[in-house]
Structure formats: C-alpha cells, structure tokens
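Asks: Here's the feature list from Swiss-Prot:
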- 4-24: transmembrane segment (TRANSMEM)
- 46-66: transmembrane segment (TRANSMEM)
- 71-91: transmembrane segment (TRANSMEM)
- G81, T84: Na(+) binding site (BINDING)
- 105-125: transmembrane segment (TRANSMEM)
Amino acid sequence: MREIIQGLLFVALGSVFGGMARFWLSGMVARRIGETFPWGTLTVNVSGAFAIGVFGALAASGHGVFSTPGPWLFAVTGFLGCYTTVSSFALQTLALARDGESLRAISNVTFSLVFCLIAVALGFAAARVLA
C-alpha cells in the first residue's frame with residue numbers, strides 16, 4: 001500500500017509541474033507566433049516527444065535515474081502525461097476543419113505526426129550519445 005501511495009504522489013507532483021509547463025510554453029508560443037495555427041500545442045507535443053525519447057533510452061539502458069519506478073512515474077507518467085496533449089491537438093484540428101481550414105487541419109496532423117516521431121528518435125539518440 002505504501003508503494004501505491006508513493007507512486008500516486010510521484011504522478012501527482014509530476015502532473016502539477018507538467019501542467020504548468022504546458023500552460024506557460026503553449027501560451028508563450030501562441031502569443032509570439034499567433035493563433036492562426038496551433039503552434040503552441042505542436043511545440044509542446046514535439047518537445048514532449050523528444051523528452052520521452054530521452055527518458056525511454058535511459059530506461060532501456062537498465063541503469064541510471066530510471067532504474068527505480070519513482071523517477072519514471074514523476075517524469076513520464078506525471079510530467080509528460082500532463083505536459084503533452086492529444087486532446088488539445090484533436091480539438092484544434094477539428095476546429096480548423098470545421099472552420100473550412102482543411103489545409104491547416106491536414107498540416108497540423110502531418111506536422112504533429114512527423115515532428116513527434118522525429119523528436120522521439122532524436123531524444124533517444126541524444127540520450128544514447130550522452131550516456
């Protein structure tokens with residue numbers, strides 16, 4: 001029971017920081033670039049994909065910070081789980097499509113998929129080089 005409560009606390013704490021980081025970064029990007037395209041959400045999701053690539057590579061190595069469950073629960077389940085957002089991506093894409101912005105909607109799907117996959121691969125590679 002103690003491990004479950006401890007795990008919940010790691011996830012909760014990571015979620016608080018992940019949510020605040022998402023709010024700040026997404027808003028900052030939207031204010032600087034504009035809101036005609038969901039650049040803030042795309043930035044958050046791509047940077048989150050890079051981070052999970054790094055964390056995944058560290059976990060796959062079998063040693064280091066992710067050799068115990070606490071850091072993974074905090075960083076991946078909590079922080080990145082709250083930081084990245086598929087639901088906002090889906091809502092913004094639907095809004096673009098419903099507003100007759102089909103090209104922007106398709107671009108959002110394409111950019112998100114391609115850039116997030118590239119970011120995960122780059123994060124994984126960066127962690128391997130640094131390890």
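In case you wondered, yes, glycine gets a Cβ from its N, Cα and C as well.
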Asks: Taking the Cβ of T84 (Na(+) binding site) as the centre, how many other Cβ atoms fall within a 10 Å radius?
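Replies: Counting Cβ neighbours of T84 (Na(+) binding site) within 10 Å gives 21.
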Asks: Sequence-remote contacts (6 or more beyond its ends) of the transmembrane segment (4-24), Cβ cut-off under 8 Å?
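Replies: For the transmembrane segment (4-24), the far contacts come to 44, 69-71, 73-75, 77-85.
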Asks: When you scan the chain for residues with a C-beta under 8 Å from the transmembrane segment (105-125), skipping those not six or more beyond its ends, what do you find?
Replies: 37-38, 42, 45-47, 49-57, 89, 92-94, 96-97
Asks: Neighbour count, 10 Å Cβ-Cβ cut-off, for G81 (Na(+) binding site): what number do you get?
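Replies: Around G81 (Na(+) binding site), other Cβ atoms within 10 Å: 18.
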